[in-house]
Amino acid sequence: MGLGASSEQPAGGEGFHLHGVQENSPAQQAGLEPYFDFIITIGHSRLNKENDTLKALLKANVEKPVKLEVFNMKTMKVREVEVVPSNMWGGQGLLGASVRFCSFRRASEHVWHVLDVEPSSPAALAGLCPYTDYIVGSDQILQESEDFFTLIESHEGKPLKLMVYNSESDSCREVTVTPNAAWGGEGSLGCGIGYGYLHRIPTQPSSQHKKPPGATPPGTPATTSQLTAFPLGAPPPWPIPQDSSGPELGSRQSDFMEALPQVPGSFMEGQLLGPGSPSHGAADCGGCLRAMEIPLQPPPPVQRVMDPGFLDVSGMSLLDSSNISVCPSLSSSTVLTSTAVSVSGPEDIGSSSSSHERGGEATWSGSEFEISFPDSPGAQAQADHLPRLTLPDGLTSAASPEEGLSAELLEAQTEEPADTASLDCRAETEGRASQAQATPDPEPGL
């Protein structure tokens, strides 16, 4: 005896309705529920007519297990039940239950909802509970709304047995009430009665189970109060999943670490504990969950792309002709860079090894300043864009890798003050220029 697989509501909508199930009867042992269960099949015979088929098949299977198909109005499902009809169980009938042939729909409509219950009333003395009790049957057949009130009036001052279903306990019980119009209040029962669509028993799913108090529905995130703290260094009560790529906890994606859920306060404890603490060693072995810092990669360095063309030459300084020596024994080196030459104002000549390394040449011939780069692949193209400077006639300076000084000597010359030989040569040059201006040209014809 037991429950089998459930199915949907059968066609026809009629069967034998169980009104009452006796204690320790074969029907109770099989799990049949009063008021909600309808026997629709016994063996392989469909019970869709009001006849003696049910009684005949029960008598034919006395002390033998027989299968019944039962429809439940509360779950709206059909289940299979195995029952053993017997006349040896100590009560009346082979099943120990009272049945009546009717339709499912009409049986679900005949429900009287108990509303407010007055204190010391006949309903309160009988133990009726307000708003949770539903009167579903009695010793007599109740088919209409007025049948219940007629039954109460006919039992004035007499005990009356009622079958009552309680929605909180989800069970039916038998209640004995004695209607009394002189109890001191209104009505014969002293309670409100509701009837109709809004007062029917609510249907329940077949898989519904009572949950313990405080249980969390599936899929609900746990709050802080529901988390259980475990001491550091102790193994957790659940298995820790290990990733095949390594012993790290969490999943690593794009240089970011996904931290596992941590107990509040454990993050600070994990940071305060040093590498030599006992809990730190236990955490390295994978024995406990500890807080992990999320490694953050620094941003890549900013790559700046320089302008490949020539820069503005207005901010750079050019050679001062007054500092150029005309002595044949001294050769001056011109500062040449690959970017620009300035023509702003008079500045001292700085020395560099760039002209020596590149093999550059600077020449003052006549009144033009020319620069050439023989070793450069684009020397001809760059020479057209270089500036030209007009200098006095007779001043010429040439620098070549063979005749020029080394980079170290040139730097030493720029740091040291001009020697006396350079000053003498400079004075001689200025004297010759002044004589040439003072001496007038001979007039033609004299």
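From the backbone N, Cα and C atoms, a Cβ is placed for every residue, glycine too.
Per Swiss-Prot, the feature N-myristoyl glycine maps to Gly2; the stated evidence is similarity to another entry. Per Swiss-Prot, the feature region 'GRASP' maps to 14-214; the stated evidence is sequence analysis. Among the features that Swiss-Prot reports, Zn(2+) binding site is placed at His17, His19, Cys102. For 110-198, the entry in Swiss-Prot reads domain 'PDZ GRASP-type 2'. The feature phosphothreonine is assigned by Swiss-Prot to Thr216, Thr220, Thr224. Marked as phosphoserine by Swiss-Prot: Ser365, Ser367, Ser376.
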Determine the minimum-neighbour residue: among His17, His19, listed as binding-site residues, which Cβ has the fewest other Cβ atoms within 10 angstroms?
His19
Relative to the Cβ of Cys102 (Zn(2+) binding site), which residues of the same chain, six or more apart in sequence, are found under 8 Å away?
Glu14, His17
Using the Cβ centroid of His17, His19, Cys102 as the reference point for the Zn(2+) site, which residues of the same chain not in that list have Cβ within 8 Å?
Phe16, Leu18, Tyr35, Phe38, Val99, Arg100, Phe101, Ala107, Gly137
By DSSP assignment, list the helix, strand and coil residue numbers for the domain 'PDZ GRASP-type 2' (110-198), in that order.
17 helix, 31 strand, 41 coil
